[in-house]
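The transmembrane segment annotation in Swiss-Prot covers 23-43, 70-90, 146-168, 172-194, 252-272, 284-304, 657-677, 699-719, 780-800, 804-824, 880-900, 919-939. Swiss-Prot lists GLY382, GLY383, SER384, GLY385, SER386, GLY387, LYS388, SER389 with the feature ATP 1 binding site, giving sequence analysis as the kind of evidence. What Swiss-Prot records for ASN530, ASN754, ASN960, ASN1000, ASN1201 is N-linked glycosylation site, and it gives sequence analysis as the kind of evidence. Residues or ranges marked as domain 'ABC transmembrane type-1 2' by Swiss-Prot: 657-945. Summarising the annotation, Swiss-Prot assigns domain 'ABC transporter 2' to 980-1218. Among the features that Swiss-Prot reports, ATP 2 binding site is placed at GLY1015, PRO1016, SER1017, GLY1018, SER1019, GLY1020, LYS1021, SER1022, with the record citing sequence analysis.
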Amino acid sequence: MMKSFGSIRSIFMHADGVDWMLMALGLIGAVGDGFITPIIFFICSKLLNNVGGSSFDDETFMQTVAKNAVALVYVACASWVICFIEGYCWTRTGERQAAKMREKYLKAVLRQDVGYFDLHVTSTSDVITSVSSDSLVIQDFLSEKLPNFLMNTSAFVASYIVGFLLLWRLTIVGFPFIILLLIPGLMYGRALIRISMKIREEYNEAGSIAEQVISSVRTVYAFGSEKKMIEKFSTALQGSVKLGLRQGLAKGIAIGSNGITYAIWGFLTWYGSRMVMNHGSKGGTVSSVIVCVTFGGTSLGQSLSNLKYFSEAFVVGERIMKVINRVPGIDSDNLEGQILEKTRGEVEFNHVKFTYPSRPETPIFDDLCLRVPSGKTVALVGGSGSGKSTVISLLQRFYDPIAGEILIDGLPINKLQVKWLRSQMGLVSQEPVLFATSIKENILFGKEDASMDEVVEAAKASNAHSFISQFPNSYQTQVGERGVQLSGGQKQRIAIARAIIKSPIILLLDEATSALDSESERVVQEALDNASIGRTTIVIAHRLSTIRNADVICVVHNGRIIETGSHEELLEKLDGQYTSLVRLQQVDNKESDHISVEEGQASSLSKDLKYSPKEFIHSTSSNIVRDFPNLSPKDGKSLVPSFKRLMSMNRPEWKHALYGCLGAALFGAVQPIYSYSSGSMVSVYFLASHDQIKEKTRIYVLLFVGLALFTFLSNISQHYGFAYMGEYLTKRIRERMLGKILTFEVNWFDKDENSSGAICSRLAKDANMVRSLVGDRMSLLVQTISAVSITCAIGLVISWRFSIVMMSVQPVIVVCFYTQRVLLKSMSRNAIKGQDESSKLAAEAVSNIRTITAFSSQERIINLLKMVQEGPRKDSARQSWLAGIMLGTSQSLITCVSALNFWYGGKLIADGKMMSKEFLEIFLIFASTGRVIAEAGTMTKDLVKGSDAVASVFAVLDRNTTIEPENPDGYVPKKVKGQISFSNVDFAYPTRPDVIIFQNFSIDIEDGKSTAIVGPSGSGKSTIISLIERFYDPLKGIVKIDGRDIRSCHLRSLRQHIALVSQEPTLFAGTIRENIMYGGASNKIDESEIIEAAKAANAHDFITSLSNGYDTCCGDRGVQLSGGQKQRIAIARAVLKNPSVLLLDEATSALDSQSESVVQDALERLMVGRTSVVIAHRLSTIQKCDTIAVLENGAVVECGNHSSLLAKGPKGAYFSLVSLQRTLF
């Protein structure tokens, strides 16, 4: 009981006084709404008795009919007020409470310590789910599910109250049948939910394969793995097809079982006849009570079906309340603790022991002692996992040590106020975290109340002002999600500006330049050196050249400091750990003794090398860009989708389609036949002869029982048949779409609308929508056409006058039902848009929680959330009024139409133009058919979506790629030597046509030799590899392999002779063996070949040391393996391919020194006897290449081997690059 109370409290914990008032009024409205329909039944019993039993010549007949019809109008007016209150109050309070929940929840999440996120590996996705879908669950529960539950429950109670008031005996007899009405829905509802969850799980596996393939499309193309991936995808889809068929069968049984309602109606009809004959009950009263009993049972069933939403809301509410009430061990909101008036910045670690909360069995520090003097720079170096970055995390109190203490100016940091402590530090990380806002706003994350002058000064100090000023919008330039609109060096300089605007006493630099090229590194390093002046600075770096000027260098190994001293002091220890690390990174040139370029000279040479796309564009683009529109064909929108063409894709399933259509048509006929029979049965109660009543009742009872059985069988046929159609169509569409997508040129994937997430969403949603269109919607359409046709035919035959009037008011009925079922639900689009923006913000904040925590920017994020929600909040207030008006109007109009029908029907009877039996038959037929048409009307929205989905599917299937991988006329090379040449090539990326990469570019690469490409970022190094792989075609000029234009070759055959190893190795979810096998041409590869490839890649030893060896799962994108391990598996994959041409794109740049040494050794073995194109920032990795080409502004400015290029001296471009990276001895 207590837990239940706690769960209820968790849902309403965000309500304030206004919300409680709204909910109280909403409760009155929902209960009143539930009472309306039974009250209408009560009035209708009087009308039926008037119509069925009075003397129609009596003058009082029309007066009585008119009086009861007016009573219905009064009820209609009351229902408008009641339904308006219900619709407005619940919609309004739902939005208000959900908005407050999102704000409190995100605030609570951002308050948590970093260790919380380490222990909850899914915390980011959990937060996104809670801010988006969980808040929608609460909002939907309060706005729709709870009022529906209250309304249906009160309708159940009111129905039985009216039943007891009218005819208590019949009501008591009907009461036990409620159980029979509930069983089918409850039993099969659960089964359908279980199957739906399994289908989602099954498709998630296939969706995961598709996502990996599309996000790694360059790797898939490079290794020719398209067919393998499509086969894997197809196999994964088969499971969801089988479950889909089970779902169709279960749905048919579930809906078919509802036919028991007709059998219950038959029994109550029989018992009602006994009441008429033996107790003198009136026919109208009996009929109304039967309707009340069945309506009450149905209402209870609908009410109980809403209980699952209660449990769902309780779970969500408990989960959110748990986070909101959690007080973290390191609480940034806790304002207790000391604040020092003046801080020197002296840092000391005394005998610190530490393990990460997520890995308590792995000690990081056992007895760490470290002292950082005030105003000095201390560098921490060592291998991966030695604990360098942990020092920074502990100093910022992301975690607390298990033992020992950390002091600042002699005071333990756990005695200091957390927020103040972090304000004294500025952090710059390896991967700079920027938020999707302007440059100015990103810098202000460091200091919220900073003036524009302070922002500019910080930018100048970080060497960022000059490039920011070149942007058209200057400091208002939007950086994009995660700063994608900026280069690595630009992002890093903005991150430095953010760190120094707060004037920190302590500066923390964690691998701040490791991911940058030499030129960007020089500029950023200069900014860091400036920022460090006068500050206590702790530096972590892999590139030892960046920390050689540190006051103290500490070598960290296995969580302890094993060496301390300056650069020169540590180098004196010939066998020292620092010396060995330096040797690994040493640029081996015999002339190093003679390289003594003055710092200023090296700097000026570097500036000469600086690539300025802006200046280059103005001078070169005029003759190229004007031709661009014709060179990048736009995807034309598909023609109006052809339903016939869609059906042709379903041709193999035509037999099942026939069964489905037949079942739908037969079930469509059930409702009008049932309504007609019910109307006829009411008139039977008014017969004078008891024998006639008995005889006719027996016939109708048997008819109702027959309809129950007929409903069961026709639904099974309908739903299984259409499920079979839909499932196989979905599978076929997904296979064809993925197959077609994997023929598209890489440029297609570069567009924002074709990201891996967007494509996978289309594969999932578009195919599902088409299945829904062909399966569910088509069956409903056939069913509706059948019902409407039979209804109109029966009505016109019986009484054309009354039928025409009933037909004329049907649109009103349909619109009212449609409003209740569709429009009210679709009004939340703006709210959902607001949720999307909230989710985006939450995802960005939580995935960058360390940056948020380091800069104490929680309040800033909450303010951004309020801004994001402001628009949807205002829209919601208007929508609440609209919801109330629409709900009230639709309910009252339905009642008014009933009043009109009764009045007009009574008039026709009084005038002798229609019999009472005919009136009852037509009235009930059209009343029920209005609901059927409205039900079909709810699919109009789905038809539009389905039409869009069909267009989307055919847009993919009909699109012609600009780079055909399976050109039947293409030359198929049997053997490739590997001689490569670029002749007068012009190129710009299609997504950035105004940025010219190459103009008149030429280079020759000898076969069997290794050629290195070096140069600053943006000079076009990686573009060379993309053009060789023919990911793109040049705008002008020719790329040749072995003297043949690669555009004339069969592309997939050509790629079989080329292997690519990238900076970030792409592994797929699967075993190590499967990942290596992607390098093979077929699926049948000997184990010995796999092992030989692994040995050649220096991977065999570490693979065999794993518990499952080659059967070890790599995890999604290889997350279970380290960077060096992943890279060696990628090399083994390339070895297995036995390529003639090897392309190495920054293959070791992201590795630490030890991993780099092992991987570099494997690469050098692989390069022997092959044409190799090597791109590298670290020049130590390419000094042994036969040829080194230096690129600048999209042109080769120098070419030769390592020694010959160095011989050119300080004026040489290569010499300048080496100077930037040299380590002095």
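Yeah, the Cβs are placed from backbone N, Cα and C, and that goes for glycine too.
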Task: Distance, ASN530 (N-linked glycosylation site) to SER389 (ATP 1 binding site) (CA atoms, angstrom) - done: 22
TODO: Show which residues of the chain containing SER1022 (ATP 2 binding site), separated from it by at least 6 in sequence, have their CB under 8 Å from its CB.
DONE: ASP1145, GLU1146, ILE1175
Task: Proximity verdict for the transmembrane segment (880-900) and the transmembrane segment (70-90), three or more C-beta pairs under 8 Å - done: yes
- [ ] Let me know the model's mean pLDDT on the domain 'ABC transporter 2' (980-1218).
- [x] 84
Task: Among 23-43, 146-168, 172-194, 252-272, 657-677, stretch most in contact with the transmembrane segment (284-304) (C-beta, under 8 angstroms) - done: 146-168
Open item on the list: With a cut-off of 8 Å between Cβ atoms, can you find at least three pairs linking the transmembrane segment (23-43) to the transmembrane segment (146-168)? Only pairs 6 or more residues apart in sequence count.
Closed with: yes
Open item on the list: Cβ under 8 Å, sequence separation of at least 6 from the ends of the transmembrane segment (172-194): give me the contacting residues as numbers and ranges.
Closed with: 160, 163, 247, 250-251, 253-254, 257-258, 260-261, 264, 267-268, 271, 289-290, 293-294, 296-298, 300-301, 304-305, 308
Open item on the list: Rounded to a whole angstrom, what is the C-alpha distance between ASN960 (N-linked glycosylation site) and PRO1016 (ATP 2 binding site)?
Closed with: 36
- [ ] For each of the glycosylation sites (ASN754, ASN960, ASN1201), count the other CB atoms lying within 10 A of its CB, then report the residue with the highest count.
- [x] ASN754
Task: Positions on the same chain near the transmembrane segment (252-272), where near means CB under 8 A and six or more residues out - done: 170, 173-174, 177, 180-181, 183-185, 187-189, 191-192, 281, 286-287, 289-290, 293-294, 297-298, 670, 674, 678, 681, 685, 697-698, 700-705, 707-720
Task: Cα distance (Å, whole number) from ASN1000 (N-linked glycosylation site) to GLY1020 (ATP 2 binding site) - done: 13
Open item on the list: Name the residue among the binding-site residues SER389, SER1019 whose Cβ has the smallest number of other Cβ atoms within 10 Å.
Closed with: SER389
Task: Local backbone state of LYS388 (ATP 1 binding site), from DSSP in three classes - done: helix
Open item on the list: Taking 10 A as the limit, how many CB atoms besides its own sit near the CB of ASN530 (N-linked glycosylation site)?
Closed with: 14
Task: Spatially closest candidate among ASN530, GLY1015, PRO1016, SER1019, LYS1021, the listed recorded positions, to SER386 (ATP 1 binding site) (Cα to Cα) - done: ASN530
- [ ] Can you figure out which of GLY383, LYS388, GLY1015, PRO1016, LYS1021 (the binding-site residues) comes closest in space to ASN1000 (N-linked glycosylation site), comparing Cα atoms?
- [x] LYS1021
TODO: Could you tell me which of these binding-site residues, GLY382, GLY383, GLY387, GLY1015, GLY1020, has the greatest number of Cβ atoms within 10 Å of its own Cβ?
DONE: GLY1015
Open item on the list: Using a Cβ cut-off under 8 Å and a sequence separation of 6 or more, which residues in the same chain sit near LYS1021 (ATP 2 binding site)?
Closed with: ILE1013, VAL1014, GLY1015, ILE1175, LEU1191
TODO: Count the other Cβ atoms sitting within 10 Å of the Cβ of PRO1016 (ATP 2 binding site), across every protein chain shown.
DONE: 23
